[in-house]
């Protein structure tokens, strides 16, 4: 039986196994507090994420289960990887992952990025997205703060708590506004992997300029800023809006012409602007895919089609439509954690049945 120790971090109790020491707060991730720690077993620095009250509601339970399943399934150099997971005696869940020194948000607010770093970071983002999308997963919340970077400029995408299946009828309020694709913001009829490409395009633009490309104060202002640069959406795109209120709003706006991005990004080389033009397209059907973007001349210094893997198999989303009580999610979660640790998942159920 693992020995647990307690520590107070920002008024929050961290109850972790004695394997992890020297806890220091790093920040808030999606739905949890993250600390750095030292792994006594490997002597490596790790990130420990506490999921707050994962069994308080069915929605939270399902969200935590989804993140756990995704972290277990997604294995790629540019995706954060799970190194340990446990449930504390207080029934909080802790994900342990590798620790990277900083994130893209902190880098972008500290200094301008040189061209080779912009290229290498964008390449790694798209390499990760190619893999994620091939697994049938859409991240949905890609932004600089959940793109982690270490001192070797290795980049890893994290925070898959909001990730969803590729679903023709996706709806909902997700990503941080500045990086949110118009089809999410305006409740388009459907959205898919292309929303991540839009977000990656916004991040690319921010790396080039040193500031957010579309810093909207609210949804209306956000859409207005986008149309100032990219023009009014084409009619066939507008017709896919399923909310009547949104449709009326878009149709009421003055017609605007798309501005050449070369005018906006005067210091960027033509190849960079061309790739950005292909990423920031209103019509998701015409937006470049990750695999195509990787082959763009701008990324030629890093592109290697033999080293840009896809997932071995699609992620199993069968649980995602399930409307289950907390206790059922809890049993499923325990089963996944035991499976991760290669323990026979039937044991606790038999014990429960016998008690």
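Backbone N, Cα and C define each Cβ position, glycine as well.
Copied over from Swiss-Prot:
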- 20-299: domain 'Protein kinase' (DOMAIN)
- 26, 27, 28, 29, 30, 31, 32, 33, 34, 49: ATP binding site (BINDING)
- 141: active site, proton acceptor (ACT_SITE)
- 171: phosphothreonine (MOD_RES)
- 173: phosphotyrosine (MOD_RES)
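Calculated from their C-alpha atoms, the gap between residue 32 (ATP binding site) and the residue listed as 'active site, proton acceptor' amounts to 15 Å. According to DSSP, the residue listed as 'active site, proton acceptor' is assigned to coil rather than to any helix or strand.
Each of the recorded positions 26, 32, 34, 141 was scored by how many other Cβ atoms lie within 10 Å of its Cβ, and the smallest score goes to 26. On a Cα basis, residue 141 (active site, proton acceptor) lies 20 Å away from residue 26 (ATP binding site). Residue 34 (ATP binding site) carries a strand DSSP state (E or B). In the three-state DSSP classification, residue 26 (ATP binding site) falls within a strand. Separation of the C-alpha atoms of residue 34 (ATP binding site) and the residue listed as 'active site, proton acceptor': 18 Å, rounded to the nearest whole number.
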